[in-house]
């Protein structure tokens, strides 16, 4: 089938781009323009007509990319037209009337590029990450992965395992032949090197995933401490309802922020207190779960009635900031215990010391987001395959004696397969759907 879709964002725009890919792309161009194919990769102005008529849809630029030298590896074209809904719909309708043409699924153009060997799986994922990047650090990470450094590293490790696997399988195929001592030593040396490399890659504090998904901040504290007001201030908009009535927030309210280029997901949670209301109790449990899974906790308490004990005190650690709100109403010094914790006195209502709090948050972000060229993991599936590969290699080393070569070879094959799954070197059909469904239609 030949596929087509709008590749630019929906809505009114000066220019819209409709992509077409497949063996009937030539026919689509000829039928819509009533003219010969444009020169390869040369922007050509053409009148675009409704199918089988001379009624003009629009006048626009056509680009023709013969396969395999195209994004998808197939014959491909782009129609650059005026970006009104009526023009786009008319062009889509005309293409749909051509035999063997259908609307593309989400991410199908990039899926074709992967299947036709134009890109590896890591690059496909990095394209999706670049499209959805909201902050500078997310853009930088997506570009780094797109440039192939991660793929090169994983491919290099896989090739090392393939090399020693060939020696192990040679021993299995020719059991009467003894492997030279230097080859046996080399097998152990290389497998140990790969193990150390994988351990180093995994020891990254999950920075890559944090950058991609966002640094998680949970605002937690007793009722009416000003948690929702703080969320609204950080967001510069009214995200949460603010009320004098205690227990207004029952569910978790999340908002995505960009703080100095760092992606952040801030969660406002239900107030912590003893409650007999079943719905409120569930909200409090959600709040504590968010706190447990957060990268940073903002523990907000009311300066008028400082109640810092029990659960809230237990939550204080190196990943927490004690935020004492309504500090303009504080009529006594803080006790020495509270002063020992990292804290800040603020008043959301009077805009007091909020910049100090934001500065502390930024410092926490910078410490969490210490990036380096060694960050290679950006998704949970990368980490899972590396961990599984590592476990297989450990099993391999335990069996790395001549009499166990049959079993050892299987461990080595599995370790190699898991590394291949990361870049798509082996059959990965079962994960393609989850990856490419995250794309927009037209990409």
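From the backbone N, Cα and C atoms, a Cβ is placed for every residue, glycine too.
According to Swiss-Prot:
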- 19, 78, 118, 443: (6S)-5-formyl-5,6,7,8-tetrahydrofolate binding site (BINDING)
- 214-366: domain 'TrmE-type G' (DOMAIN)
- 224-229, 243-249, 268-271: GTP binding site (BINDING)
- 224, 243, 245, 248: K(+) binding site (BINDING)
- 228, 249: Mg(2+) binding site (BINDING)
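When the binding-site residues 19, 118, 227 are compared by the number of other CB atoms within 10 angstroms of each CB, 118 has the fewest. Here the Cβ of residue 224 (GTP binding site) has 21 other Cβ atoms within 10 Å, regardless of which shown protein chain they belong to. Under the DSSP three-state reduction, residue 270 (GTP binding site) is assigned to coil, being neither helix nor strand. According to DSSP, residue 78 ((6S)-5-formyl-5,6,7,8-tetrahydrofolate binding site) sits within a strand segment.
In space, 19 is the closest of the binding-site residues 19, 78, 118 to residue 224 (GTP binding site), judged by Cα positions. Put simply, of the binding-site residues 19, 78, 118, the one whose Cα is nearest the Cα of residue 227 (GTP binding site) is 19. For the binding-site residues 78, 228, the greatest number of Cβ atoms within 10 Å around a candidate Cβ is found at 228. Across the fold, the C-alpha of residue 270 (GTP binding site) and the C-alpha of residue 118 ((6S)-5-formyl-5,6,7,8-tetrahydrofolate binding site) stand 49 Å from each other. The Cα atom of residue 228 (Mg(2+) binding site) lies nearest to that of 19, taking the binding-site residues 19, 78, 118 as the candidates.
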